[in-house]
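Taken straight from TrEMBL:
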- 1-65: domain 'V(D)J recombination-activating protein 1 pre-RNase H' (DOMAIN)
- 69-201: domain 'V(D)J recombination-activating protein 1 RNase H' (DOMAIN)
- 203-265: domain 'V(D)J recombination-activating protein 1 ZnC2' (DOMAIN)
- 267-422: domain 'V(D)J recombination-activating protein 1 ZnH2' (DOMAIN)
Amino acid sequence: VSSSWNVGIINGLSGWTVSVDDVPADTIARRFRYDVALVSTLKDLEEDIMEGLRERGLDDSTCTSGFTVVVKESCDGMGDVSEKHGGGPAVPEKAVRFSFTVMSITVQAEGEEEAVTIFQEQKPNSELCCRPLCLMFVDESDHEMLTAILGPVVAERKAMKESRLILSIGGLLRSFRFYFRGTGYDEKMVREMEGLEASGSTYICTLCDSTRAEASQNMVLHSITRSHEENLERYEIWRTNPFSESADELRDRVKGVSAKPFMETQPMLDALHCDIGNATEFYKIFQDEIGEMYQKNNPPREERRRWRSILDKQLRKKLKLKPVMRMNGNYARRLMTHEAVKVVCELVPSEERRKALTELMELYLQMKPVWRSTCPARDCPDQLCRYSFNSQRFAELLSTTFKYRYEGKITNYLHKTLAHVP
């Protein structure tokens, strides 16, 4: 890193300018140089690092190398950021933010077997430790624009993976290496970064090769098979078609990888969208149960609308839950509760269906803390132990009692919740 590491903010598409204030009106991206941002972050953490060394009883004058920093990367669209009253430069009304968080710092002292953790982020999902690296006026669906702007970020990150950073911490030069973990992406962004088809695809999962039909047949037994390297290999096959196959055969061979993977992400599950996706599903099950869908064959749309308004009325009256246009996190959290299922059961005619519905929610609430928690082994060990058992019972209920909904189809997040959380 150059000695003048305060290079300020770089125009996302070209060289760098010295200060933030001379932003030209036609800017579409602003970013920090990645290495500079990391240096600045480590300087911010200087006291924590020295404190950690002291607490671990390490002599800071001997610990000059062997530091390892784990960095979590995140990227998400920021929805509508349009100017409400006009007047400014014309920019796209969507924005994307790429940011990172230092998760932990460990040091392996010379002659020691084990690395020792000297810094661990206590609240890794808080905005207080999340450092924006790049802000862009881009729609996250505009793949070309996104890759053009993040290209240099990917290049810098790649260069840093191979090299060491030497930085003065506590008055001595110390050597750091970085591990980058791209886990802060929602499913849409993972698919875009990893070259997979969009989320409506028959290849429903970003973690395994399962198709929607397979996932609904076998709900719990899938292992995580996809990786960035493999996606790159598959893209090459897709591009060159070495076996001269038809489009369908080729697509089946590459399991839906039909664009070039651009940035490496770690296999993970996005807890908020998991909440939202599953709550949407339960909301639909509630409607279907109110209308006794399991006895009917393809009821008309008006009838389904009626069930929905009955459900909304009941939730509003008993739980003060106002209907929402699109499911959001707060609604999802209030819908997925014992109270809500009790209230819905008042509208379900058959005793046996009420029981099944209550059990479904019961199981779900047992499972949920595991994928909501940062560290399930510490926060909810009992639920963690029972997870596989609970998810199997949950899947069994879906494929028997609620068969009318899951015959040959299942949503992306239900599949992940049942198959990949364990």
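Every residue number used here counts from 1 along the chain in the order it is shown.
Using the three backbone atoms N, Cα and C, a Cβ is placed for every residue, glycine included.
Secondary structure of the domain 'V(D)J recombination-activating protein 1 ZnC2' (203-265), assigned with DSSP and counted as helix (H, G, I), strand (E, B) and coil, comes to 27 helix, 3 strand, 33 coil. Across the domain 'V(D)J recombination-activating protein 1 RNase H' (69-201), DSSP helix (H, G, I), strand (E, B) and coil residues number 30 helix, 57 strand, 46 coil.
Taken together, the residues of the domain 'V(D)J recombination-activating protein 1 ZnC2' (203-265) have an average pLDDT of 93.
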